Amino acid sequence: MSSSGTLSNYYVDSLIGHEGDEVFAARFGPPGPGTQGRPAGVADGPAAATAEFASCSFAPKSSVFSASWSAVAAQPPAAATMSGLYHPYVSPPPLAAAEPGRYVRSWMEPLPGFPGGAGGGGGSGGGGGGGPGPVPSPGGPANGRHYGIKPETGAAPAPAAASTSSSSSTSSSSSSKRTECSAARESQGSGGPEFPCNSFLRDKAAAATGNGPGVGIGTGPGAVGSSEPSACSDHPSPGCSLKEEEKQPPQPPQQQLDPNNPAANWIHARSTRKKRCPYTKYQTLELEKEFLFNMYLTRDRRYEVARILNLTERQVKIWFQNRRMKMKKMSKEKCPKGD
């Protein structure tokens, strides 16, 4: 029993191994000031176990470990040993140090014009909020965006817009082809003239007072009168038509509606019902002939009549319905119930 117990203890001890402490210390924690690798003479090592149980009749399995086990135990500090296997993380160099003719941008970096990445900056290489904001370049869009979004008219320009950066200029120049349409659209929207709806009304009021911007360069009234027709002829606008209407004498109103007379208001009220579709004499005559021939039209005949008279089938059907009701009413009037 004692020999089997020692065999099982040695076999389990050799399978478990004690290199886990060094590996985990190198991976997950920095080495301490006095920490060193395990020396070759540690009592719990497999070499010591072999020396202790040398009188055992069972030979140890030497194929489990390589011949360099003793050399691995006597090592310098674990951090220096594992540096060849696990390379430490080195932060990438900032984008400003890259080649001037090359555009480098990480896929994790937010867009310069994106609201969440404002202030991240391609020049600083940081995540966001640490470096300066995006700086527009002459070739890029005005607000540094790389996608076509209508800019806000009320937003003030950023204070960092006056500074210049090599990284932002390279990024703007490389993406100028993609943002050509959007930049042109934004420049037109921001710098183009705006024409409000009531601009011609203001011009009209200024021309009436004689002190507005619409007055010509001349100071006398003759100069004003001579400059207005030429301006209207060159640039026609609704204001010109209003001025022409003012020059014409006012016409008296055709009829004054009495607000206290509901009959007059009802006569001149605008009808909400659908307008009637009067038929021409030729269409009415042909429909009457067809009605005298047959009071009820088949579908094929109704289609033919509608095609000949340039009407719709619905119009022909409704006309025949009304004509039958009219004939029924006339027959009732000719034959009273008393007879």
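Positions of Cβ are set from backbone N, Cα and C atoms, glycine also.
Values in this document were obtained by computation on a predicted structure and should not be read as measured data.
Annotation source Swiss-Prot lists compositional bias 'Gly residues' at 114-132 (among others).
The region 'Disordered' annotation in Swiss-Prot covers 114-198 (among others).
Residues or ranges marked as compositional bias 'Low complexity' by Swiss-Prot: 155-176.
Taken from Swiss-Prot, the feature compositional bias 'Gly residues' applies to 211-223 (among others).
Residues annotated as region 'Disordered' in Swiss-Prot: 211-263 (among others).
Secondary structure of the DNA-binding region (272-331), assigned with DSSP and counted as helix (H, G, I), strand (E, B) and coil, comes to 42 helix, 0 strand, 18 coil. Taken from Swiss-Prot, the feature DNA-binding region applies to 272-331, supported by sequence analysis.
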Grab the pLDDT values for the DNA-binding region (272-331) and give me their mean, rounded. 92
